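These notes concern the structure reproduced below.
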Amino acid sequence: MSELENAHQGPLEGSATVSTNSNSYNEKSGNSTAPGTAGYNDNLAQAKPVSSYISHEGPPKDELEELQKEVDKQLEKKSKSDLLFVSVCCLMVAFGGFVFGWDTGTISGFVRQTDFIRRFGSTRANGTTYLSDVRTGLMVSIFNIGCAIGGIVLSKLGDMYGRKIGLMTVVVIYSIGIIIQIASIDKWYQYFIGRIISGLGVGGITVLAPMLISEVSPKQLRGTLVSCYQLMITFGIFLGYCTNFGTKNYSNSVQWRVPLGLCFAWSIFMIVGMTFVPESPRYLVEVGKIEEAKRSLARANKTTEDSPLVTLEMENYQSSIEAERLAGSASWGELVTGKPQMFRRTLMGMMIQSLQQLTGDNYFFYYGTTIFQAVGLEDSFETAIVLGVVNFVSTFFSLYTVDRFGRRNCLLWGCVGMICCYVVYASVGVTRLWPNGQDQPSSKGAGNCMIVFACFYIFCFATTWAPVAYVLISESYPLRVRGKAMSIASACNWIWGFLISFFTPFITSAINFYYGYVFMGCMVFAYFYVFFFVPETKGLTLEEVNEMYEENVLPWKSTKWIPPSRRTTDYDLDATRNDPRPFYKRMFTKEK
């Protein structure tokens, strides 16, 4: 037992004086030093006894074990109706994904609409207007830069004022950006500025929404409820496509101002709905609002404040947060030097979020109408709706696959599926789409084949990488550094989103459907990376994930790892930490 653990005497009382440092996150640090905190060892040696912060001792270990048994029995007796309230609350938080998806779905159509091109495009010598590749790329992609900045900067509002208030604030910022876009008359840079500001808001949403869902939801439903965020994104994309289809025949600004006006309406709806959502109990415990935390837990789990479930969860929160307080506040440097294995975990989050973009999803979602116009379709808006339907329906399957098959299996099999789809899609586009040259009509059969495999690709993406990337990063970090780590990971997602969105018009002009081979190569790399570096987090609490990293479990054996609190006497920990097999056999053969 570490000095830090010995120092802990029990949970905080509601009357305890508690720091409101916005960077205080939970980490079971064992015997390790908390890097980035000056003089940690001296501070620990001279630390006041925890009894100076609290007024009663926590339950003995045997009482906690009995409490855990009572909680397990309580969970077994819970019906689906008992989880209805927390599910509805998480859906309301996940509605932030709908706001993001709506923007993605509508902008893909705006760049093909006549009034939008007339107002914000350039004029040729013959008087016709057009959107250049540069201007199109900037107006589409700058949103992602705003998101990257918002994810890092505005996500701190969740640490300072709570996840709930922080989320409502970033939605207001998003609304301001939408108002600026609607008010644009004929200056493309005004619309451009509005896109940046709305991106700031969405960047904050993408960090705070999954964070709040994962901290409010019961662990047995956490993967499913966090996946609802991605479900809402796909629903927003689909309805955005439908709205563009409904307004495309107008000849004035109704084409694009009506979809933008609905963006504003959705943001107002979310702000109102958020008033009914409970605050994160983890955050409330951290800032010393113990009674509020109990009420939030009881409300979310549809039980009483003195129930075994609430008592056990509060003890877990208070013990780990008090231990973290003695270690000091986290610095940004701790994402690199922290323990257990914080650099590896930070890098893993950055890689997973980057690779999610490098699957090529935004190639289809941002430029779907443009792509299928090139395939030879007369009404590419209709095909965009088909893609939107496939995306939305497929995401329903993810609510099952994420918790049924686990995070690793979803990512690995998702890579395999998308690789196969890209091979066919790109090969047909390169060799069969224009049998008589690009200046001649395209082959209808080849075009239809490409659409079918684009739909297969979207199914593979929507059931695997789309939701799992968010679920995985929400489960991989201790509360102590969670906000910082998630914001860095999300920023990587947005930066790659910007690069892909901006350069896609230029790349497709140069190499056309060879572009599919680029994404295929990224998925081959992703398969190997996930296999060797991404551990399974299914069914684990945030504290148990920390313990897994402390014990140096091999990622490809992490599915066999059992937390210390659940182990039997015959459990072999070394079997999960060592693998004598040659490198190539680890991936392609089962261990005997």
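Even glycines carry a Cβ here, placed using N, Cα and C.
According to Swiss-Prot, the features are:
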COMPBIAS  16-35  compositional bias 'Polar residues'
COMPBIAS  58-68  compositional bias 'Basic and acidic residues'
CROSSLNK  LYS61  ubiquitin cross-link
CARBOHYD  ASN126  N-linked glycosylation site
CARBOHYD  ASN249  N-linked glycosylation site
REGION    1-43  region 'Disordered'
REGION    49-68  region 'Disordered'
TOPO_DOM  1-81  topological domain 'Cytoplasmic'
TOPO_DOM  103-137  topological domain 'Extracellular'
TOPO_DOM  159-164  topological domain 'Cytoplasmic'
TOPO_DOM  186-195  topological domain 'Extracellular'
TOPO_DOM  217-222  topological domain 'Cytoplasmic'
TOPO_DOM  244-257  topological domain 'Extracellular'
TOPO_DOM  279-361  topological domain 'Cytoplasmic'
TOPO_DOM  379-384  topological domain 'Extracellular'
TOPO_DOM  403-409  topological domain 'Cytoplasmic'
TOPO_DOM  431-452  topological domain 'Extracellular'
TOPO_DOM  474-490  topological domain 'Cytoplasmic'
TOPO_DOM  534-592  topological domain 'Cytoplasmic'
TRANSMEM  82-102  transmembrane segment
TRANSMEM  138-158  transmembrane segment
TRANSMEM  165-185  transmembrane segment
TRANSMEM  196-216  transmembrane segment
TRANSMEM  223-243  transmembrane segment
TRANSMEM  258-278  transmembrane segment
TRANSMEM  362-378  transmembrane segment
TRANSMEM  385-402  transmembrane segment
TRANSMEM  410-430  transmembrane segment
TRANSMEM  453-473  transmembrane segment
TRANSMEM  491-511  transmembrane segment
TRANSMEM  513-533  transmembrane segment
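Contact between the transmembrane segment (196-216) and the transmembrane segment (385-402) does not hold: fewer than three of their C-beta pairs are under 8 Å, each pair 6 or more apart in sequence. Sequence-distant contacts of the transmembrane segment (165-185) (same chain, at least 6 residues past either end, Cβ-Cβ under 8 Å): 93, 96, 99, 119-120, 146, 150, 154-155, 157-159, 191, 193-205, 208-209, 212, 257, 260-261, 263-264, 267-268, 270-271, 274.
Residues belonging to the topological domain 'Cytoplasmic' (159-164) score a mean pLDDT of 89 in the model.
Only pairs six or more apart in sequence are counted, and the transmembrane segment (82-102) with the transmembrane segment (258-278) gives three or more Cβ pairs under 8 Å, enough to call it a contact. Contact between the transmembrane segment (385-402) and the transmembrane segment (223-243) is supported by 3 or more Cβ pairs under 8 Å, counting only residues 6 or more apart in sequence.
Taking the glycosylation sites ASN126, ASN249 in turn, the residue surrounded by the fewest other Cβ atoms inside 10 Å of its Cβ turns out to be ASN126.
The helix, strand and coil residue counts that DSSP assigns across the topological domain 'Extracellular' (186-195) are 8 helix, 0 strand, 2 coil. Within the same chain, residues 89, 92-93, 95-96, 98-99, 102-103, 106, 109-110, 164, 167-168, 171-172, 174-175, 178-179, 181-182, 198, 212, 216, 236, 240, 243-244, 247, 295-296, 299-300 sit at least 6 positions outside the transmembrane segment (258-278) and bring their C-beta atoms closer than 8 Å to a C-beta of that stretch.
Cα of ASN249 (N-linked glycosylation site) to Cα of ASN126 (N-linked glycosylation site): a distance of 24 Å. Non-local neighbours of the transmembrane segment (491-511) in the same chain are 133, 136-138, 140-145, 147-149, 151-152, 199, 203, 206, 349-351, 353-354, 356-358, 360, 362-363, 366-367, 370-371, 374, 469, 518; each lies 6+ residues outside the stretch with a CB under 8 Å from one of its CB atoms. Tertiary neighbourhood of the topological domain 'Extracellular' (103-137): same-chain residues 143, 184-188, 191, 198, 202, 233, 236-241, 243-245, 247-248, 250-256, 259-260, 263, 362, 365-370, 373, 380-381, 384, 388, 501-506, 509, selected by CB-CB distance under 8 Å and a gap of 6+ residues from either end.
Residues 223-224, 468, 471-472, 475, 530-531, 534-538, 555, 558-559 of the same chain lie 6+ residues outside the topological domain 'Cytoplasmic' (403-409) yet bring a C-beta within less than 8 angstroms of a C-beta in it. Cβ atoms under 8 Å from those of the topological domain 'Extracellular' (244-257) belong to residues 105-106, 108-110, 113-116, 119, 182, 369, 381-382, 384-385 of the same chain, restricted to positions at least 6 beyond its ends. Long-range neighbours of the topological domain 'Cytoplasmic' (217-222) within the same chain, counting only residues 6 or more positions beyond its ends whose Cβ lies under 8 Å from a Cβ of the stretch, are 75, 83, 86-87, 90, 300-301, 471, 474-475, 539-541.
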